[in-house]
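If you check Swiss-Prot, you get these features:
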type	residues	note
DISULFID	Cys40-Cys58	disulfide bond
DISULFID	Cys79-Cys97	disulfide bond
DISULFID	Cys91-Cys108	disulfide bond
DISULFID	Cys134-Cys149	disulfide bond
DISULFID	Cys154-Cys166	disulfide bond
DISULFID	Cys278-Cys290	disulfide bond
DISULFID	Cys297-Cys312	disulfide bond
DISULFID	Cys360-Cys371	disulfide bond
DISULFID	Cys367-Cys380	disulfide bond
DISULFID	Cys406-Cys419	disulfide bond
DISULFID	Cys421-Cys434	disulfide bond
DISULFID	Cys706-Cys719	disulfide bond
DOMAIN	31-69	domain 'LDL-receptor class A 1'
DOMAIN	191-231	domain 'LDL-receptor class A 5'
REPEAT	439-480	repeat 'LDL-receptor class B 1'
REPEAT	568-611	repeat 'LDL-receptor class B 4'
REPEAT	612-654	repeat 'LDL-receptor class B 5'
MOTIF	832-837	motif 'Endocytosis signal'
Amino acid sequence: MGTSARWALWLLLALCWAPRDSGATASGKKAKCDSSQFQCTNGRCITLLWKCDGDEDCTDGSDEKNCVKKTCAESDFVCKNGQCVPNRWQCDGDPDCEDGSDESPEQCHMRTCRINEISCGARSTQCIPESWRCDGENDCDNGEDEENCGNITCSADEFTCSSGRCVSRNFVCNGQDDCDDGSDELDCAPPTCGAHEFQCRTSSCIPLSWVCDDDADCSDQSDESLEQCGRQPVIHTKCPTSEIQCGSGECIHKKWRCDGDPDCKDGSDEVNCPSRTCRPDQFECEDGSCIHGSRQCNGIRDCVDGSDEVNCKNVNQCLGPGKFKCRSGECIDITKVCDQEQDCRDWSDEPLKECHINECLVNNGGCSHICKDLVIGYECDCAAGFELIDRKTCGDIDECQNPGICSQICINLKGGYKCECSRGYQMDLATGVCKAVGKEPSLIFTNRRDIRKIGLERKEYIQLVEQLRNTVALDADIAAQKLFWADLSQKAIFSASIDDKVGRHFKMIDNVYNPAAIAVDWVYKTIYWTDAASKTISVATLDGTKRKFLFNSDLREPASIAVDPLSGFVYWSDWGEPAKIEKAGMNGFDRRPLVTEDIQWPNGITLDLVKSRLYWLDSKLHMLSSVDLNGQDRRIVLKSLEFLAHPLALTIFEDRVYWIDGENEAVYGANKFTGSELATLVNNLNDAQDIIIYHELVQPSGKNWCEEDMENGGCEYLCLPAPQINDHSPKYTCSCPNGYNLEENGRECQSTSTPVTYSETKDVNTTDILRTSGLVPGGINVTTAVSEVSVPPKGTSAAWAILPLLLLVMAAVGGYLMWRNWQHKNMKSMNFDNPVYLKTTEEDLSIDIGRHSASVGHTYPAISVVSTDDDLA
């Protein structure tokens with residue numbers, strides 16, 4: 001053996017015999033507690049926060065030894081027993097001191113209500129926001145806030161219903177019960193239309209120019225009927241080959257045809273279908289749908305009607321405090337244990353050494369809290385707020401892991417928890433709900449030819465914008481008091497002031513071919529929308545002067561969209577095949593899937609920014625679900641064929657979720673955690689499509705980093721927020737119009753050298769090619785389209801910079817190969833001729849976008865992605 005080989009062998013043996021760090025202590029025993037725990041003298045581990053907290057958590061009391069006397073901070077309230085609690089917890093209706101001194105009448109009666117608050121009476125210690133008085137809800141524990149309120153007086157442009165409710169005068173005698181008691185439709189004269197109007201069979205009036213234009217504007221479609229026009233209306237929609245067209249015009253997936261669930265508005269997908277039968281390995285629900293047989297009686301409602309969990313029997317009959325299970329399998333009554341008679345085949349009910357022995361008398365049975373003596377043996381139990389972690393030791397329960405245990409903020413305490421509210425909200429002590437302080441929140445929703453508003457407290461129901469054509473999408477800039485909506489018939493996005501009594505509205509963005517949804521960025525003052533015809537997601541300034549396609553690939557049926565400018569992310573749903581919900585940076589980077597499983601028709605999505613969750617409606621599964629903003633912690637809120645027959649859009653405020661159902665033509669509300677407390681807010685709608693909450697707390701204020709140091713961030717075209725992935729993420733990036741690339745300075749735009757042909761992502765049956773005109777730097781108008789090809793900047797400086805490093809790496813690799821070849825010649829080897837097959841897969845190109853440190857303004861390096869294949873649906 002050569003000298004080099006012997007040295008290598010000695011080195012190998014030294015490495016093998018070297019002592020390893022296995023976490024052993026000097027005494028050879030493993031440390032039981034980690035860095036976040038305190039080790040008691042008896043070896044037990046407790047959380048470090050429990051040391052010197054005044055409670056003996058170690059059974060030997062070692063956690064309270066050698067403790068420095070604790071003094072409360074200036075921001076704390078000192079309980080009579082010396083305990084410290086935050087000042088804001090004093091007189092909040094919830095005792096936090098162990099002796100209850102923070103809620104003592106002596107302390108709380110001396111309390112003075114703050115500005116914009118009212119007292120609940122001389123005998124009450126409670127203060128509530130002034131805006132909660134006479135809002136229809138008892139917020140004071142004695143109900144004093146709803147006393148002496150008087151009758152609600154409607155304004156001059158409103159009608160007073162028999163119930164006292166106020167509705168818009170435009171709703172009177174319109175053929176719809178808007179009062180919910182029919183009083184707005186009493187004593188109505190036969191409706192007449194003007195000289196330039198057409199009267200539908202339902203008696204409603206539409207402009208004469210809307211008749212026979214192949215777009216049904218009457219709810220009964222009488223303006224496009226064969227009798228009126230002398231021909232059938234021309235349906236312009238052409239469905240992809242993977243979809244079928246309903247009699248009512250819309251497209252649905254082919255696989256939804258004859259599945260027992262009407263998906264078309266007119267139900268034509270379930271006409272002339274063969275009778276359905278379930279396979280032998282399936283269970284047939286009462287509604288006719290089929291589920292796998294293994295899902296029956298599994299404790300989960302898999303059938304929409306819940307019929308799979310009806311008449312289920314518990315196979316384990318040996319449960320409960322009055323039963324004892326023998327080791328031999330029998331189940332006997334607990335009274336037969338230790339009665340000196342054999343009831344179990346194996347005599348396990350009569351163990352000689354265990355009967356009538358109280359193990360709890362010695363060291364509490366080893367239990368850290370409670371020891372319960374049983375007929376045979378014993379069991380440990382814990383005090384409220386704790387749970388067994390090893391059959392003997394009790395640990396704190398983190399109640400904050402339970403969804404909905406607190407309305408907004410949950411603080412886990414030892415043996416309990418504390419609920420708090422976010423800024424701008426105050427807890428209603430009667431319900432535990434964090435209610436908004438300030439103006440009354442309201443729901444605003446589209447009703448095809450108008451936009452309506454209903455107050456959530458006083459239920460005032462009015463018309464905001466009228467004489468519209470076909471409104472399908474809606475959002476608002478609440479701070480600016482502006483509404484934005486998309487009109488399918490006019491292929492445009494409009495805006496209006498919410499307080500405009502004249503009824504003026506303005507066209508902001510044109511050439512929006514089939515808008516599905518819009519989302520307003522209230523911080524950076526842009527608007528995002530999905531287009532179902534061009535299969536794109538676009539962004540534009542609110543005035544419409546600058547716009548571009550943000551995404552134009554891998555979109556099949558883009559639907560709802562929502563933005564969070566505070567974190568720089570945009571979210572959207574796509575009910576194409578496969579259906580999914582995605583998220584990406586609002587600048588078009590860091591695109592990733594959020595929900596891809598158990599999802600079929602995700603129509604509406606909305607963000608709960610307070611709880612950091614995304615909610616969505618699935619019209620096919622008749623389900624309302626939610627996930628956190630990383631796609632984790634998925635929960636089903638509500639599953640209902642009745643209330644979620646064909647849900648279209650939803651919105652969230654406080655502890656309630658509200659949605660529009662197209663089939664029921666109604667607006668519903670429910671608890672956002674449990675799906676309970678279902679309520680109907682509005683009925684008798686006419687093709688309502690979208691809904692939002694209007695309240696200043698829905699759109700929290702944030703900093704517009706594009707206007708922090710220089711106008712528009714120094715960008716020549718669009719300045720868009722970047723996704724805040726970590727502390728080093730840039731705040732914004734510059735973006736160019738379609739057909740232009742960013743220059744190396746990351747701010748200016750230059751035209752691509754090669755002309756680009758643009759066309760929409762389309763099926764082979766589609767004949768029209770959609771194009772749109774966009775304003776580009778220098779005031780040049782170019783015809784742009786859905787696809788975009790980016791050309792990377794040319795240059796060789798980067799290659800010369802890395803050449804020395806490359807040569808060094810090559811030299812090192814060459815030296816290693818020479819050494820291995822020399823070693824191979826000096827070693828005996830054995831060769832096996834068995835072939836080895838490697839599975840290779842073609843991976844998608846992954847591009848890592850470099851980011852610099854925490855500069856406010858920053859741009860991503862240019863990226864080139866060239867696609868030559870059409871994305872056929």
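Here the Cβ of each residue, glycine as well, is placed from N, Cα and C on the backbone.
Remember, predicted model here, so these are calculated numbers, not experimental data.
Taking Cβ-Cβ distances under 8 Å and a sequence separation of 6 or more, the neighbours of Cys166 (disulfide bond) in its chain are Ile152, Cys154, Ser155, Glu158, Phe159, Thr160, Arg458, Lys459, Glu460, Tyr461, Ile462. Its own atom aside, the Cβ of Cys134 (disulfide bond) has 15 Cβ atoms within 10 angstroms in the protein chains shown. The DSSP breakdown of the domain 'LDL-receptor class A 5' (191-231) into helical (H, G, I), extended (E, B) and coil residues amounts to 10 helix, 6 strand, 25 coil. The C-beta environment of Cys58 (disulfide bond), restricted to residues of the same chain at least 6 apart in sequence and closer than 8 Å, consists of Cys40, Thr41, Asn42, Arg44, Ile46, Glu64. Taking H, G and I as helix, E and B as strand and the rest as coil, DSSP gives the repeat 'LDL-receptor class B 5' (612-654) the counts 0 helix, 24 strand, 19 coil. Closest to Cys371 (disulfide bond) in space, going by CA atoms and restricting to the disulfide-bonded residues Cys91, Cys97, Cys108, Cys297, Cys419, is Cys97.
In three-state terms derived from DSSP, Cys312 (disulfide bond) belongs to neither a helical nor a strand segment and is classed as coil. A straight line from the CA of Cys380 (disulfide bond) to the CA of Cys297 (disulfide bond) spans 32 Å. Over all protein chains present, the Cβ of Cys91 (disulfide bond) has 20 other Cβ atoms lying within 10 Å. Of all the Cβ atoms in the protein chains shown, 20 others lie within 10 Å of the Cβ of Cys371 (disulfide bond).
The disulfide-bonded residues recorded for this entry are Cys79, Cys290, Cys706, Cys719, and the Cα of Cys79 lies nearest to that of Cys360 (disulfide bond). Look at the disulfide-bonded residues Cys40, Cys290, Cys380, Cys421 and count other Cβ atoms within 10 Å of each Cβ; Cys290 has the fewest. The Cβ of Cys149 has fewer other Cβ atoms within 10 Å than any other of the disulfide-bonded residues Cys149, Cys360, Cys367, Cys406.
Comparing the Cα of Cys79 (disulfide bond) with the Cα of every entry in Cys297, Cys367, Cys406, Cys706, these being the disulfide-bonded residues, the smallest distance points to Cys406. Sorting the repeat 'LDL-receptor class B 1' (439-480) by DSSP state (H, G, I as helix; E, B as strand; all else coil) yields 0 helix, 23 strand, 19 coil.
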